[in-house]
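> One structure is given below, represented as structure tokens, and several questions about it will come after.
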Amino acid sequence: MKLDDNTTGHDNPRLIHINDPKKTCDHSQFSGNEIRTSKYTLLNFLPKNLFIQFHRVAYLYFLAIAALNQLPPLAVFGRTVSLFPLLFVLTVTAVKDGYEDWRRHRSDRNENNREALVLQSDGFHPKRWKMIQAGEVLKISSDETIPCDMVLLGTSDPSGIAYIQTMNLDGESNLKTRYARQETNKLFLEGTMISGIITCEQPNRNIYEFMANMELNGHFLPLSQSNIILRGCQLKNTEWAVGVVVYAGQDTKAMLNSAMSPSKRSRLETYMNRETFWLSVFLLIMCLVVGLGMGLWLNRHKSQLDTLPYYRKIYFQKGKDGKKYKYYGIPMETFFSFLSSIIVFQIMIPISLYITMELVRLGQSYFMIGDQHMYDSLSNSRFQCRSLNINEDLGQIRYILSDKTGTLTENKMEFKKASIWGKSYGDSKAGSREIDAGVEEAMGSGRKWKLKSEITPDPELIKLSYKDLHGEERIAAYDFFLTLAACNTVIPILTGSPSSISGSLLSDGQISIDYQGESPDEQALVAAASAYGYTLFERTSGHIVIDANGEKLRLDVLGLHEFDSVRKRMSVVIRFPNGSVKVLVKGADTSMFSILKKDLPCDDRMRHVTQVHLNDYSSEGLRTLVVASRDFNGELLAEWQQMYEDACTSLTDRVVKLRQAAALIECNLTLLGATAIEDKLQEGVPEAIESLRQAGIKVWVLTGDKQETAISVGLSCRLLTADMHQIIINGNSEHECRKLLCDAKAKYHVNYASSFDDITNLKRKTEHNFLEMTSQTKSSNMSQQITGEEDRPTFGPLALIIDGNSLVYILEKDLEYELFNLATLCKVVLCCRVAPLQKAGIVDMIKSRTDDLTLAIGDGANDVSMIQMADVGVGICGQEGRQAVMASDFAMGQFRFLKRLLLVHGHWNYQRLGYLILYNFYRNAVFVLMLFWYILCTAFSTTSALTDWSSVFYSVIYTSVPTVVVGILDKDLSHKTLLKYPKLYAAGHRQESYNMSLFWITMLDTLWQSLVLFYVPLFTYRESTIDIWSMGSLWTIAVVILVNVHLAMDIQRWVFVAHAAIWGSIVVTYGCMVVLDSIPVFPNYGTIYHLVKSPVYWISILLIMVIGLLPRFIFKVCRQIFWPSDIQIAREAEILRKRRPFFGSNADQDSS
């Protein structure tokens, strides 16, 4: 999914006249600030909601059925009665949609009626949000929410700085800085009225970019993302801020980004449509049989049609000829009989199944959300179900594609090691006392800054940083830590007495300092610089102040080139108090080594040593950055300043121009060193990955980290094991990638399967008897089957490691097929240095070449495309905001919860929904087939022995509640067993709960039960004079009891609610029949009172139960004894453990 984040309309920019909304809006029809998130109004609710609901083809089918029943020749049921099922489903859905939309209306009303201070002729006055217009000047106080997108003009801070929290926009809780231009901030502080014109881009979705300039007193001032505050953000740690509205209402970036993630359909629902097609075929065949039978019967008895009941042409009354019946002739009567039979058999296509599935999924989601085992106390976040359509897909996942940073790791960075001027620091083995002594010796007078996160410094590095050393090493250390402190966008938050902060920096008493930043990496580096004596404690739009070993150093920021995915580095241009200018740069090693100076041999030596250190750090799983700097001369500085200013004020191609300006200064750099940061694994990740792999799920990791770092983390989280053969694909061209893939093929004797079907068949074959085979045995067997040469040497499990550069050539060329075949034979795939779109490309590669279900899990904005592309998307509530959560189908606090989500809830949901669908097919088909046998015995007349209301209530009231209760609460195995034996999850891969074979077996059973239902009462009452309505009453109660006992036979876990639902539904059916039979105008008046007095009635019901369910009972017993499934074995082991605890060990062995 691609967002339209291009700054469209640069040729037609938006003009905002500051403090002149009339002039602003006169030139263009800008949107007002009133927002609307609701879908409906009172006028369009009914037509719009019905239009949306009738997108379901089944609803159109039942509408056509109801319409046919309104025609006099086809009125099988009462005209009102025939509309009841469809109206019931439509009404329930409409009420749900209406309630949800009413809540949206209420939220919109509350939001639009909030007030903000708007500048008018005599000062700031309150005004409702919905009345605010573009061009108006607003004043926001501390902790207030921003009502629209505003360009800052002034703040309470003399430097023009404002702190905002963007949690409502992207979920990030850390503070961010925004700046008012010094020119406008000064005017506001002086009380001068501002007038000018802002020229900005047209509204777009990109919340991380803003291009504009301001014309003020004849001068053009550049405006960027740092000068705008967006709707939904909150002002923090700033007394007040004043800004001019540039985007309002639906034009704000928050509203443009409020689109929902794409809807997904479950695999089970797709299969259900296949079976629904077969049911439609059965329905058509039955209707053709009835129609043709009617035609043949009429043709055989056409000479008797004047006198036969139902078909005589003249109605006789008191010996005289009455009015004529509407007889349309044999062809039309045959056609009408065909249509009438469609109406009679309509519930063969179960309309109630749709609403039943919605209710069951809602109940399942309730229990998933309430699962305390998936509650994360650290982030205080519960499990979230953001999509109710794909609960059952969680039980059939074959591939998990996971981000690394923040998903497998905590994304809480800690500075560990550094390489400075060719020497590595941080490897000290000294104890904590020795380290403390070394620190005190080097620091001497003690620290003045107290960091929120304590860091234990390396004593040797402290000495290098503090001691008055001379020479290149000392200068490199100075510039190194200066770069860490200055080259960032981190905000220092100070707490202490104002006098101690604004007055003497070295006054007694410590000052507490905390760093807020958009990147955890930057926060860790700035905190590390502070720990080593270089403390950043003040930042404005134009300068920063650093305490460098007790010296207050004020540095002017001439320009900042922020990190981007193309350059993969960040640079800042600073001017020292003595007038000298430096460029400080940090970035990924792949982008930094190419721009270092190479004048002297020592440069090559330094680069080589640093590269060795980087490899060592990466092998330990540490995240690395390279640090470099250079001095600036006058001519180059002037050229860069001109390019930088032109780029900043440009409305077209600003990003490209800024990149060109950065390239001018980011060259011939002096290498200072490298940093190494540790990102610890989340709790329970290794155990979760191991369990998922035992469950037959392949885990692929897609990360932007270096290959060495990713491999190290893969080993620590048990994704990679020592016995795995690593296939590494690092190609810089299509030819090289092809060669590497061919070499892997030759080395491991892999002949790619000729087709997708071959792979699928082999996969299913290897899954047979899953519990008896170890993972290693299956892997080697599969390799042997694919090669077709079992005499060749076999290898252990394979791991494919590929970098993003290779994926550029593979995913865009014809090598994708070869990569897929190789990757599917590997137990692990590790992709390094991948871009967000490449992540989505890998997911798409799997989806397009296999029927297996994919799950993508991530925590950052760079994972959104992958999450939306996968069949199931899971977002982690992590340190990188909530973009991933907002785009996901499910959200959780920790990766380890994925184990429980899939192995427990996924298994339960799939097993319940699979059975639910088959049971609904059976429940409706047995009722329809019973009516079919009756029609065959009544001259194909489409008459019914059942009352209209009984036919309608059958699937809506009589049998609906037990289905929902079992679908929500039934459990075949306990959560402890499912977690203890992850291989039980493979039942979902083998589609044990729902497949075509089960469907046909169910239909055969249905056919038998319907014959028993129809013919047993005919046999028991063969000598009686029972009327047809009494027989219909018997059939009604018999079919309800039969389907409920059928359901009771399959329940795995009996609870009170299940008992109440099943036996209660039978009681409710009797109650309804008593009510219906007590109404004198109905033809079945009083039948139930006569029937229950007869022993034959009860004997008939008992015979129907025994004869109808006996084949099913025998089949279940034989299957469980002679061909038990893995689930059945584990279930028996569970029962044995409960009854005989001392058999526990044997049971465990059986169930494994």
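Note: Cβ is positioned from N, Cα and C throughout, glycine not excepted.
Found this in TrEMBL, in case it helps:
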DOMAIN    16-81  domain 'P-type ATPase N-terminal'
TRANSMEM  50-68  transmembrane segment
TRANSMEM  74-95  transmembrane segment
TRANSMEM  277-298  transmembrane segment
TRANSMEM  335-355  transmembrane segment
ACT_SITE  Asp403  active site, 4-aspartylphosphate intermediate
BINDING   Asp403, Lys404, Thr405, Glu522, Phe563, Lys586, Arg623, Thr703, Gly704, Asp705, Arg833, Lys839, Asn862, Asp863  ATP binding site
BINDING   Asp403, Thr405, Asp859, Asp863  Mg(2+) binding site
DOMAIN    885-1125  domain 'P-type ATPase C-terminal'
TRANSMEM  925-946  transmembrane segment
TRANSMEM  952-969  transmembrane segment
TRANSMEM  998-1016  transmembrane segment
TRANSMEM  1028-1047  transmembrane segment
TRANSMEM  1054-1076  transmembrane segment
TRANSMEM  1096-1115  transmembrane segment
> Can you give me the same-chain residues 6 or more apart in sequence from Thr405 (ATP binding site) with a CB-CB distance under 8 Å?
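Once residues fewer than 6 apart are set aside, Thr405 (ATP binding site) is near Asn411, Arg623, Asp679, Thr703, Gly704, Asp705, Asp859, Gly860.
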> I need the most crowded of these binding-site residues: Arg623, Asp859. Count other C-beta atoms within 10 angstroms of each C-beta and give me the top one.
Asp859
> Determine whether the transmembrane segment (952-969) and the transmembrane segment (50-68) share at least three Cβ pairs under 8 Å, counting only pairs 6 or more apart in sequence.
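Answer no, regions not in contact.
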> Consider the binding-site residues Phe563, Arg833, Asn862, Asp863 and say which one has the Cα lying nearest the Cα of Asp403 (active site, 4-aspartylphosphate intermediate).
Asp863
> Quick one: pull the CA-CA distance for Asp863 (Mg(2+) binding site) versus Phe563 (ATP binding site), whole Å only.
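For Asp863 (Mg(2+) binding site) versus Phe563 (ATP binding site), the Cα atoms are 18 Å apart.
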> Please give the average pLDDT for the domain 'P-type ATPase C-terminal' (885-1125) in this predicted model.
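Mean per-residue confidence for the domain 'P-type ATPase C-terminal' (885-1125): 90 out of 100.
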> Can you say which of 277-298, 335-355, 925-946 has the most Cβ pairs under 8 Å with the transmembrane segment (1028-1047)?
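Stretch with the highest Cβ contact count: 925-946.
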> When you scan the chain for residues with a C-beta under 8 Å from the transmembrane segment (998-1016), skipping those not six or more beyond its ends, what do you find?
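That would be 275, 278, 918, 921-922, 925-926, 929-930, 932-934, 1035, 1038-1039, 1042, 1046, 1100, 1103-1104, 1107-1109, 1111-1112.
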> By a simple count, how many Cβ atoms lie within 10 Å of the Cβ of Phe563 (ATP binding site), its own Cβ left out?
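So the Cβ neighbour count for Phe563 (ATP binding site) comes to 20.
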> Looking at Cβ-Cβ distances, which residues of the chain lie under 8 angstroms from Arg833 (ATP binding site) while being 6 or more apart from it?
Thr590, Thr703, Gly704, Asp705, Lys706, Gln707, Asp803, Gly804, Asn805
> Using Cβ atoms and a strict cutoff of less than 8 Å, what residues sit near the transmembrane segment (1054-1076) while being 6 or more residues removed from its termini?
947, 949-950, 953, 957-959, 961-962, 964-966, 969-970, 1033, 1036-1037, 1040-1041, 1044, 1047-1048, 1082, 1084, 1088
> Below 8 Å Cβ to Cβ and six or more residues apart, same chain only. Which residues does that give for Asn862 (ATP binding site)?
Asp403, Gly704, Ala835, Pro836, Lys839
> Please give me the CB contact count at 10 A for Asp863 (Mg(2+) binding site), counting all chains in the structure.
31
> Would you mind listing the long-range same-chain contacts of the transmembrane segment (925-946), meaning Cβ under 8 Å and 6+ residues beyond its ends?
76, 279, 282-283, 286, 289-291, 293-294, 297, 310, 337, 340-341, 343-345, 347-348, 954-955, 1003, 1006-1007, 1009-1011, 1013-1015, 1028-1029, 1031-1032, 1035-1036, 1039, 1042-1043
> Using a 10 Å radius around its CB, how many other CB atoms surround Gly704 (ATP binding site)?
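By my count, 23.
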> Please give me the CB contact count at 10 A for Asp403 (active site, 4-aspartylphosphate intermediate), counting all chains in the structure.
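Its Cβ has 29 other Cβ atoms within 10 Å.
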